[in-house]
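What follows is a short report on a single structure.
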């Protein structure tokens, strides 16, 4: 009986893509109808989701051509050679879609973290540096993949006359991008978590905040797992079959990172504040993500006590979390105050 992984690939592609689409839709519903605060990071996530859908569509087109089957079995069928070439071409076209799908959400997360932390100059430069280089390092392999062969068609049809760079060049660049993306995932989780744990607030609140903002750590783990299969992208022994683990982990990665970028902004939709039943009311008065956080503010004389309570976080289990966090004077002042301005606005 002939082996085929095509159905498995399609199930993974559209299950994870479907979940991501729903989460992105909830994000936009929340930002438009509840928080009423669309920002640049929302459009970056939308672009990433579009790229992810494009990647899933291209994988779906490749399966009837033979993706997920042994290459020699496809070649033995009438028109098999043409189908193998078409599948290889679609695979190459899908490469930049996947790259954009799993790198752009980090840019959106960097924008969100910048808005939440209202960082010092060094932190601002770090966040924008991470985001800028994430984009640059994503664009480079997208260009190289189509520039490495002359003519370009030789990339998916080795029988054509011409020349190609050594396959290790693209592989090494992709390894570098993957390593940088994993590092960025960790940094984008670590920065807000470190700031939250320095605040004088209940440990349970810190844990909830850290869990919500630390989902990019899961993305980092998946990125590292996918990296172990990157060498399969240039496999020549059985390309339609051997590449499947890389395709599957690529599909999982691109959707998980989108979901991780959307969880914090979606949180206000599920708020049930005991003092304000309307999520819109809470989001409007408690900031973009709903959490009102104590923060360190230089020159303040008000000390945050252990019984700190507010309309936004007195019932944290049923409430939503976030406003901009100021800790720019942490090193120079031990006095703390409550920052009540809504996230995204200067006061």
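Keep in mind that glycine also has a Cβ here, set from the backbone N, Cα and C atoms.
Curation does not apply to TrEMBL; its annotations are automatic.
Cross-referencing 175-197, 267-289 with TrEMBL places the feature transmembrane segment at 175-197. Tertiary neighbourhood of the transmembrane segment (93-114): same-chain residues 39-42, 44-45, 47-49, 51-52, 54-55, 58-59, 62, 124, 127-128, 130-131, 134-135, 137-138, 141-142, 145, 177, 181, 184-185, 188, 191-192, 213, 216, 219, 223, 233, 250-251, 253-255, 257-258, 260-261, 264-265, selected by CB-CB distance under 8 Å and a gap of 6+ residues from either end. When pLDDT is averaged over the domain 'Rhodopsin' (26-272), the result is 89.
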